Amino acid sequence: MTSAVPSTRRMALLLAGLAMFGPFSIDTIFPAFSQLSRSLAVDEVAIQQTISVYLLAYGLMSIAHGPLSDAWGRKRVILGGLALFIAGSVGCALSQDLPMLLAFRALQGLSAGVGMIVGRAVIRDLFNGPDAQRLMSQVSIIFGIAPAIAPIIGGWILLSGAGWPVIFWFLVVFGLVLLVATMTWLPETLPVEARTPLQFKRLLQDYVRIGFNPRFQRLAAAGSFNFAGIFLYIASAPVLIMQHLKLGEGDFAWLFIPTIGGMTLGSFLSGRMAGRMDPVRQIRIGFICCGVAALVNQAYTFAVVQIALPWAVLPIFLAGMGMALIFPILALAVLDMYPLQRGLASSLQAFTQLMTNTVVAGVLSPLLSEHPRHLAIGMTGFFLLGWLFWRWERRSGRRLRHRQATEAVPLEPADHL
């Protein structure tokens, strides 16, 4: 790391902050669903589409953030994304009807993924092996706080007597802070000579080559389905909190603090394990945690008529910890498959996860959130799918590494995968 690069702690704070504004945009408005419904004269099912539209735009644009950063540099693309996010947040705050709100939510979504996607490439630009895993874990710890505190902040804003537009003005301020911090702290980590010219035909060929790579598909699917088991509860938070647990709009912390507490603990443990524990063993422990959490969750929801705290959220804590043990290794494994196109690989990885999340939020959450048992079954199904794709990767990985020798380098943080 050169002298131009800030300290690891400062870099972790900055990259985590950049990754946070995506979840903040989703979760801060959860407590405002009822107020939005009344203010815009639509039902809450229609308001839930503000999440689906956001995630759809987020996912579609995610395939572009990485290649743009490969061609133009990391810092320039991040700054442009932040500027668009601020503009979208201003538009949301000034919206007078649902179509206008959905349009500006889409603009937020188009820009909000830039911090997470390009930030992963920045980490891999600067660090190798266990150092990259440690920084990814540190970023995950700080990033994990966002979904926990975002709905709490949204609830506090509403409880103070402010209307729902103030939530979006808060996002404007948050975006401005990140814009200044990025301009001040973030160095350009991709020198001009290492950049890949933006050529549409070549870019399309690279998308196809990476996207249809069987190993990429297995790793991306394992991570996406594993996270979907947690995201199903995040997307269903308004129904779970206010209908099933019969709590108020200021009580979202009862779900998000255990969820993110587990993710934070898992990220901390992952950082401590980096370079000390075989990555395959760490992933195995993570899936065991997820499996135990799913079974306990199923047993509880089928054993009681009315779910209650704390038992309704304790399994989610364990699941979050397991997921955080798995994610850093899978994410770095994908990036290390294509060292000259990390931005593009990060984009496609994020695209896979975000399209899965869009289906979860727009289709499965409304269907499964009617009963806690259905949510528990959904969580179990997603964890099982993630594990099956991981097992497939383990059985196929050794043969694939030989065939990919001309296009991929051995994994550094997880070279035994």
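From the backbone N, Cα and C atoms, a Cβ is placed for every residue, glycine too.
Feature annotation from TrEMBL assigns domain 'Major facilitator superfamily (MFS) profile' to 11-398.
Residues or ranges marked as transmembrane segment by TrEMBL: 12-33 (among others). Residues 6, 44, 47-48, 50-51, 54-55, 58, 78, 82, 85, 89, 108-109, 112-116, 118-119, 122-123, 135, 138-143, 145-147, 150-151, 153-155, 157-158, 164, 167-168, 170-171, 174-175, 177-178, 181-182, 185-186, 234, 237-238, 249-250, 252, 256 of the same chain sit 6 or more residues outside the transmembrane segment (12-33) yet have a Cβ under 8 Å from a Cβ within it.
Marked as transmembrane segment by TrEMBL: 45-65 (among others). Within the chain, the transmembrane segment (45-65) has long-range Cβ neighbours (under 8 A, six or more residues past its boundaries) at 22, 25-26, 29, 33, 36-37, 77, 81, 98, 101-102, 105-114, 117-118, 207, 235, 238, 343, 346-348, 350-351, 354-355, 357-358, 361-362, 365-366.
If you look up TrEMBL, you'll see 77-96 (among others) marked as transmembrane segment.
The annotation transmembrane segment is assigned in TrEMBL to 102-123 (among others).
Residues or ranges marked as transmembrane segment by TrEMBL: 135-158 (among others).
Counting same-chain residues at least six beyond the ends of the transmembrane segment (164-186), those with a Cβ under 8 angstroms from any Cβ of the stretch are 6, 10-11, 14, 17-18, 21, 24-25, 28-29, 32, 35-36, 39, 74-75, 78-79, 82-83, 85-86, 89-90, 92-95, 108, 115, 122, 153-154, 157-158. Under the heading transmembrane segment, TrEMBL lists 164-186 (among others).
Annotation source TrEMBL lists transmembrane segment at 219-240 (among others).
Positions annotated as transmembrane segment by TrEMBL: 252-271 (among others).
Same-chain residues lying 6+ beyond the ends of the transmembrane segment (283-305) with a Cβ under 8 Å from its Cβ atoms: 226, 229, 266, 311-312, 314-319, 321-326, 329-330, 372-373, 375-377, 379-380, 383-384, 386-387, 390. The annotation transmembrane segment is assigned in TrEMBL to 283-305 (among others).
Among the features that TrEMBL reports, transmembrane segment is placed at 311-335 (among others).
Annotation comment: TrEMBL describes 347-368 (among others) as transmembrane segment.
According to TrEMBL, the feature transmembrane segment maps to 374-392 (among others).
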Discussion item. If you average per-residue pLDDT over the domain 'Major facilitator superfamily (MFS) profile' (11-398), what number do you get?
Written reply: 86
